[in-house]
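J.: Here's a structure for you.
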Amino acid sequence: MATAELAGKHLVLGMTGGIACYKIAELTRLLTKAGATVQVVMTEAATQFITPVTMQALSGRPVYTSQWDARVPNNMAHIDLSREADAIVIAPASTDFLAKLVHGMADDLLSTLCVARDCPLLVVPAMNRQMWQNPATQRNVAQLRADGVSVLGPDSGPQACGEIGDGRMLEAAATYEAIASFFAPKILAGRRVLLTAGPTFEPLDPVRGITNRSSGKMGFALARAAQQAGADVHLVAGPVALETPWGVLREDVQTAQQMHDAVMGSVANADIFIGVAAVADWRVDHASEHKIKKTAGHALPSFAFVENPDILAAVAQLPRPPFTVGFAAESGDLETHGEEKRVRKKVPLLIGNLGPLTFGLDDNEVILFEAARTTRLPRADKQTLARALIAEIAKRLPDTSPIR
Ligand code: CTP
C-alpha cells in the first residue's frame, strides 16, 4: 500500500452521521501509520455511531464536535482547525451533508470548516441505495464535482439496511488508497497503461492444472502506482487472491491464451504495456474433458505439451507498439539472462528481479536492462519499488502527452 504520499500531510477528517463511521476507525489507523496527522472533527450525528474517545485514541489528537469548543484559544475553531490542512476529507459523507456542502451552509463546526477552508475537499459518500440514486443526491454530487470537490466512491454491494446496490462507503483500505492517490504526483496523467499480473493456470483436466508461484503482488503494486500517477489502468490478472487496486479496471483470466487474447483486445488503446505476469510457457495439447481417473494397474498418465503465445513479444512486435516493459524472474545469472531476454523479446526496457526468486514476498530488488545501460534500484517493499519503477518508466516516455 502507498505511504510516501501521506507522510507529513495534515488532514482534517470530518465524520458525519452514518453506520459507516465504524470504517473510519480503521481509516484513521491507516492514515496515521502512513505518517499523516489526522484532526478528527465529528458532527453531532456522527457521535451517535462511534465515540469521540475512540477517534481521539486512534488519531492521537483531541476530537472536535462543537464550534463553541473553548479549547481553541481564539475561539475560532472553524478557522484554526483547517489552517494547516493539506485537505479536508469528509468520511462518511451523509446525504444531508452533501446537500449542505452544495449550498455552502455553515450551521455546525464541520460545515463551517468546509465553507471557510483554503484547501482541497474530498468527500466519501455513504448512504442507502435509494438515497444515492435520488435525483437530488445525483444533482448535488454533480454540483460538488463541478465545484472541484473530489468524490471518492461510493462502492456497490450489500448495505446495512439489507439492500444491495450503489451507495455504501468504500472500505477503509480503498478510502486510504484513494486519498494517497489524490496526493501522488500525476506523472502519468492522460496515459493508458495495460498490465498483466499473477500466474496463469493451464488445465490438465477439469480439476487439475499447471500453475506457478507468482502471487501477483508486484503487478498489482504497479497497477496501483500507475493509477495513483494519474494513468487510466487496465489490469489483466491471472488467478490471484488480491484486492483490485482502487480505480483500476481488472479483467480476470485463467490461461495464457486467455491472457494473450485479453491483452491483444485492448493493446491498441494502450500507451504503455507492462508484462509482469508469470505466463506458463506450455499448456497441455488436449486437456481432458473429464477428470483423469487413477485406475489400479493402468499406466501413469502422460501429457503432450504445446507452446503458449509469448504475450510480451507479441506486443513488442506490433507495428505501432506501446512503450513495452518486460519482467524477468531468473534463478541465476540475471546479468546475462536479463539483457539476452530483453533483446530476444525486442523490448526497450526489461526489469530483472535480483537475488533469489521473490514470489509472494513483500520486498524486492531489481535491475533495469535497456540498450545503453543497466540501473539498479535499491531493495524496497513492492509498493515503494512500484512507485520508483513507474517514475523510471515515465522518464522514458516522450515529453508530450499521449505518445500514440
Ligand atoms: N511473457 C509473456 N508471455 C509468455 C512468457 C513470458 O508475456 N508466454 C513475459 C512475462 O510476462 C515477462 C517476460 O515475458 O514480462 C519474461 O518472462 P519469463 O518467464 O522470465 O521469460 P520466458 O520467455 O518464459 O523465458 P524463460 O522461461 O526461458 O526464462
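From the backbone N, Cα and C atoms, a Cβ is placed for every residue, glycine too.
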J.: With Lys291, Pro309, Asp310, Ile311, Leu312, Phe327, Lys341, Lys345 listed by TrEMBL as binding CTP, identify the candidate in Asp281, Asp285, Asp333 belonging to that site.
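T.: Between Asp281, Asp285, Asp333, TrEMBL records just one in the CTP site with Lys291, Pro309, Asp310, Ile311, Leu312, Phe327, Lys341, Lys345, namely Asp281.
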J.: Just how spread out is the CTP site if you go by the largest Cα to Cα distance in Å among Asp281, Lys291, Pro309, Asp310, Ile311, Leu312, Phe327, Lys341, Lys345?
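T.: Across Asp281, Lys291, Pro309, Asp310, Ile311, Leu312, Phe327, Lys341, Lys345, the two farthest Cα atoms sit 37 Å apart.
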J.: Give me the Cα-Cα distance between Phe327 (CTP binding site) and Cys161 (active site, proton donor), rounded to a whole Å.
T.: 46
J.: Is Lys345 (CTP binding site) helix, strand or coil when read with DSSP?
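T.: For Lys345 (CTP binding site) - judged by DSSP and reduced to three states - the answer is helix.
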J.: Which of the three DSSP states, helix, strand or coil, fits Pro309 (CTP binding site)?
T.: coil
